[in-house]
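Have a look at the structure below, then the notes.
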């Protein structure tokens, strides 16, 4: 009876896996991005970063002030600003500066990118579920401990440990999901999972702002890290106890003596190089906004509480964009080939760019409206990029390639925002954010368009003669007309008893093993 019940509920396993992996990723990214929202409170307590003249917590609105606090660069002049004896400016840490940029970006990225490659290589050889459990446990503990720090360097060190654990999430989870879900749902599944980045980032706004203000138990910003760490610990336990390693055929191919894949040759394909360059520039634009959005709106609109607006735009509009991007990509690729996925990337970023400019140009109302429109189109990109990547590289080096791809993308995209600070001192904070955020969206659009022409277009259906099977058998025809069969994994081959279906109940995309000449 119990076995029968488990069989009936087995259809829930795949969405359950996706849910556990995604929520775990959200927890990790929430820990990653909390610093961008709590930085001012953290800096005041730990003494790091720049100090500046800022509007204090009086009841005056910006338009009521005779002079804006940000205009004063000398401390004693800042303290002299008042209305009828009520001082409305204060000289304090503002959460910005080189120390903040190092904390938010390079200290995390340096470890994240190196460990991403190491764990990506390991994922092609060892049990990915067990590795993901350990990785989730590591970053969960690191997030918890960030709530206990007493010095700036403690925070730097723990963010590096957190990065080491979180580095395994994407390559390990991507490999697991690629072996569980059919190709027809690949972009949507990847989009939902990678939305964890934006989910964590969006949730960071209300958590970092409002939980800090509640000052629960006198702990202030530290409670944010305690709560996030506990959630991550729960997901680590669920990962280790309820998920199982899916079967993958690459191990069997290697054991059978099949030709080894040349990883360097795979990575040096022009289409892979162009894809990683375009993704790196786009990622840099996104990271610039992620690390600076809360600080930017607090500086320019200190009397307007945009925390819930930023949460709603990121979670609500961003989520819709992620899902729409995955669905559109999966639908059009069936008819137009892998090139259509990259076309979706280019078009979505093109549409997002002018509205991204608007989000840092306009006053709060229109800034939020244009940000919402920008997010709808912009957030289509991440899941589609990895759907493209897993379709143009061989199964045997899939996780390794993802690790290397993330290494390059995060080193470029994650470290370039450190230049926001020196450029801000030259042209102003608004202009600097505008250049690295919206400007890089525009540059990535051009690069994605160029990349599109290096991808294969739609392929004609193979005839029965070329396949060499019964022409009346529907299972012997190509069901998806795009170029993924260049590196078709053997787990799509039918078993002798499957009657044209795989063991997990999904139709085989290509019913014959591609020739060795089709592989790199």
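From the backbone N, Cα and C atoms, a Cβ is placed for every residue, glycine too.
Automatic, uncurated: that is what TrEMBL annotation is.
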Range among 253-275, 276-298, 368-390 that TrEMBL annotates as transmembrane segment:
368-390
Write down the single range among 64-86, 156-178, 340-362 that appears in TrEMBL as transmembrane segment.
340-362
Need a quick answer: max count of Cβ pairs under 8 Å to the transmembrane segment (340-362), which of 219-238, 306-328, 368-390 is it?
368-390
Counting Cβ pairs under 8 Å to the transmembrane segment (100-122), which of 129-146, 306-328, 368-390, 402-420 comes out on top?
402-420
Tertiary contacts of the transmembrane segment (129-146) (same chain, 6+ residues out, Cβ under 8 Å):
21, 24, 27-28, 31, 119, 122-123, 155, 158-159, 161-169, 172-173, 176, 225-226, 228-230, 232-233, 235-236, 239-240, 243-245
